[in-house]
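For reference, the structure I am asking about is given below.
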Amino acid sequence: MFRQEQPLAEGSFAPMGSLQPDAGNASWNGTEAPGGGARATPYSLQVTLTLVCLAGLLMLLTVFGNVLVIIAVFTSRALKAPQNLFLVSLASADILVATLVIPFSLANEVMGYWYFGKAWCEIYLALDVLFCTSSIVHLCAISLDRYWSITQAIEYNLKRTPRRIKAIIITVWVISAVISFPPLISIEKKGGGGGPQPAEPRCEINDQKWYVISSCIGSFFAPCLIMILVYVRIYQIAKRRTRVPPSRRGPDAVAAPPGGTERRPNGLGPERSAGPGGAEAEPLPTQLNGAPGEPAPAGPRDTDALDLEESSSSDHAERPPGPRRPERGPRGKGKARASQVKPGDSLPRRGPGATGIGTPAAGPGEERVGAAKASRWRGRQNREKRFTFVLAVVIGVFVVCWFPFFFTYTLTAVGCSVPRTLFKFFFWFGYCNSSLNPVIYTIFNHDFRRAFKKILCRGDRKRIV
């Protein structure tokens, strides 16, 4: 891992650690002044300054954006759903990349050799692989969480507590560590013979073929395959539910549950489907505002983990047949009541002859409750579609950023020659992903955008006062 500078075999690179200039490149190797003079740098002064400025900007944006994400999740009521802890952990990994990895990669790149000693070389390389692996395993866990919330509906949402989410996050980090730390245990020492030792130290991760292939599979390709399969399944479920005929989409029709069968409410009122004990089971359901079993606070809109962009009228844009114009005041009250429906509760059914067993006919106030609940369900269904889209964007951007590196790195293990400049570009392009998630949240997520504005403008308001 840490060795003195030697000519590299063709295709030998350092994964997610230091990318060294070509040992045979006359711009720096062999150009050291006789008698131990000053080392020549691999780049001109202008190129070096450009690289330092770009990498510095990348680090600042990564730290700033991801700190905002963490503050927003802990301070915004709309973002306190337990599953948003995944985003906090993911943002923490990106911050650690920007503070503990990128600065040393930059120094190693512009100096042309490893300056920081053997011990930190080993730590640096392990942390680099750890943080990158944890990012993609986090995305894999988020995808599985999303899939379970769709296929298991009420059962999984009741189990989705902060304690359970934290346990999953710990598991994610443990899996990432298991994948990342073997190079510290199995290190191939090279260049340690009795021959003369070149002056330039080199920090390079284990380049044995078995490790390159296994680390690429464990750190990237296997989690990617899981995410793709999960997302294909989510897409199939969503597509099947959108095929429900329009006549079946009213408040008295039930969208097909994940099992593929359809059920009609048994005197439950306008909710879309019936779960155990008469609880509402919505398509693509998600946890709202806090721990399962807690009533959602009454407010202008419902929120979801990573809730998506929506207009102020998203809950009103599509209304099912039935009472269409509940008054603003009663509607707000009815919405709060509807959000507190628990297993075992039931709502009266609208219309003549539609009362459930032992349930009196619905009055005007109860009809407003049913209409508000059905309208809220339609708005939530639309937000679910946008949620699926934004999660696909986050995962897609990660894959686009890191796939070129892992693909070319795998090619080097099987003996293919990859241009060193191209490999360096893919390496740094992967680091750019750490700064992009906050941008994605800002573009597609109303709650994050509102929380960011509140955080950033708070100081301005204080100065004005």
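Think of each number as a place in line: the chain as shown, counted from 1.
For all residues, glycine too, the Cβ spot is worked out from N, Cα and C.
I grabbed these lines from Swiss-Prot:
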DISULFID  Cys121-Cys203  disulfide bond
CARBOHYD  Asn25  N-linked glycosylation site
CARBOHYD  Asn29  N-linked glycosylation site
LIPID     Cys457  S-palmitoyl cysteine
REGION    242-368  region 'Disordered'
TOPO_DOM  75-85  topological domain 'Cytoplasmic'
TOPO_DOM  145-166  topological domain 'Cytoplasmic'
TOPO_DOM  233-389  topological domain 'Cytoplasmic'
TOPO_DOM  445-465  topological domain 'Cytoplasmic'
Provide the number of Cβ atoms within 10 Å of the Cβ of Cys203 (disulfide bond), excluding the reference atom itself.
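Counting Cβ neighbours of Cys203 (disulfide bond) within 10 Å gives 25.
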If you count the other Cβ atoms within 10 Å of each Cβ, which of the recorded positions Cys121, Cys457 comes out on top?
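Compared across Cys121, Cys457, the most Cβ atoms within 10 Å surround Cys121.
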So how many of the residues in the topological domain 'Cytoplasmic' (145-166) end up helix, strand or coil by DSSP?
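Breakdown, helix to coil: 19 helix, 0 strand, 3 coil.
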Note the mean pLDDT of the topological domain 'Cytoplasmic' (233-389), expressed as a whole number.
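Across the topological domain 'Cytoplasmic' (233-389), the average pLDDT comes out at 50.
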What three-state secondary structure does DSSP assign to the residue listed as 'S-palmitoyl cysteine'?
helix
